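Read through the structure below, which is laid out as structure tokens, and then see the notes.
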Amino acid sequence: MSLRVYNTLSGTKEEFTPLVPGRVSMYVCGVTVYDHCHIGHARANVVFDMIYRYLRHAGYDVTYVRNYTDVDDKIINRANQEGVPYNAISERFIAEFDRDMAALGLDLPTHQPKATEHIAEMIDVISRLIEKGFAYAADGDVYFCVEKFDPYLKLSKRNLDEMQAGARIEVGEKKRHPMDFALWKGSKPGEPFWESPWGQGRPGWHIECSAMSMKYLGETFDIHGGGKDLVFPHHENEIAQSEAANGKPFAHYWIHNGFVNINSEKMSKSLGNFFTIKEVLEKYDAEVLRFFLLSAHYRSPIDFSDQNLREAEAGLERIYGTLAGIDENLTKGAEGTAEETDRELAEKAVTFPERFREAMDDDFNTAQALGFVFDLVRSANRVLGEGKGGGSNRALLAEARDRIRKVGAVLGIFTSEPRAFAERLKNRKAAELPITAEEIERLIAERIAARANRDFKRADEIRDSLAAKGIMLLDSPQGTTWKVK
């Protein structure tokens, strides 16, 4: 099966055929850098990082562009509130965004352009739109005339007449039509500005992405992505101004990720259920958050809650536990018996790459792909649990481990050493306990001494006391370790 993607423009899954065989051009709208990034931003960026990784895994040479909107009303307002230059705000939050994305394991895009470094390109596109009659200047501002672009609203499938009926042009408004949108905004006192044929001012939001995508990917490219909230007006307006300026299709495939809900409610600052990436990563491991975000199909809404994050944490811990178990089995040599090859494990291991590819080729279905990972994990755990890790099964277990690792590299998960992940998780959980790690280790040492002195009553008291605090002791020939329940 060849790769099929859901195209918002057509409303159907389509076979993916890039403009240039073997090469993919992809533009994804980046953040407006005026505040801390929230988990909605995390989802969008993890989703398109996954797509970027999978396309490369599939053999494509991918040019991936993700911009920074570093001049905007929100940035200017915050700068004025803090009494600092607008670029002090944008640079601060660009640095924070980069830290968040690095923590989530994102690969760097090919290009990360800033809007303020591409003003000349924006002015050029606006000038072409005016020359072609699709835009008009009005007292220092420039607007796009939506009535001149017949296919307007083809992405969002809205009706212009109905939208006009619900709109009102305020007194003094410069627009000819309520839905006309700004390409250039005349300067106001206290705002940054650039020189232009229409006077000093700054670009509108929508023209920024059109100009930057054209510069790095050309007038027509393969994939344009972003969150569903960008379909209208941002992406709709991008299509209008780009296709009007160039007279050719803008992007062939429009891909949009679904929303993040908080405890089944829409995430909103007004509802008080707004979480930044930084806040979430103070409580959960970054790989757990990434695993959670990939556990649902990218177009489906995903419900963010402590319960769901804990379940994702447990699932990831289970996979790492299997990888650790396989590693331990392999280091023991050919111990264990296997009268015959475990057929279920053999079938799951052999067919796994093909099943993974089929899931991902079906509109990047990470939920199904991870389901196949858990199928393989269950089979491997059963073989290990039954003590059948020797003989031909030893090679099958190694194959299962390597294949889980390989798809993990594609998805950006399972990239840690199992012991390192377990230690990270243990330390994070231990920070919430009513006892320090040092005190736990001291009690373990005391318990070992008590057992050596055959003081089993004291040893049991220590074990029970730690259990009451949520700590499980694990005794083995190599010694005693602990984990948080």
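Counting starts with 1 at the first residue shown.
Every residue gets a Cβ built from N, Cα and C, even glycine.
These figures come from a predicted structure and were not determined experimentally.
Annotation comment: Swiss-Prot describes Cys29, Cys209, His234, Glu238 as Zn(2+) binding site. Positions annotated as motif ''HIGH' region' by Swiss-Prot: 31-41. The annotation motif ''KMSKS' region' is assigned in Swiss-Prot to 266-270. The ATP binding site annotation in Swiss-Prot covers Lys269 and rests on sequence analysis.
Taking the Cβ of His234 (Zn(2+) binding site) as centre and 10 Å as the limit, one finds 18 other Cβ atoms among all the protein chains shown. Each residue in the motif ''KMSKS' region' (266-270) has a pLDDT score, and their mean in this model is 74. The Cβ of Cys209 (Zn(2+) binding site) has 28 other Cβ atoms within 10 Å, all protein chains considered. The residues near the Zn(2+) site, meaning same-chain residues not in Cys29, Cys209, His234, Glu238 whose C-beta sits within 8 angstroms of the mean position of the site's C-beta atoms, are Trp205, His206, Glu208, Ser210, His224, Gly226, Leu230, His235, Asn237, in sequence order. There are 26 other CB atoms within 10 A of the CB of Glu238 (Zn(2+) binding site), with all protein chains counted. Per DSSP, the motif ''HIGH' region' (31-41) is made up of 3 helix, 2 strand, 6 coil. According to its DSSP assignment, Cys29 (Zn(2+) binding site) is coil.
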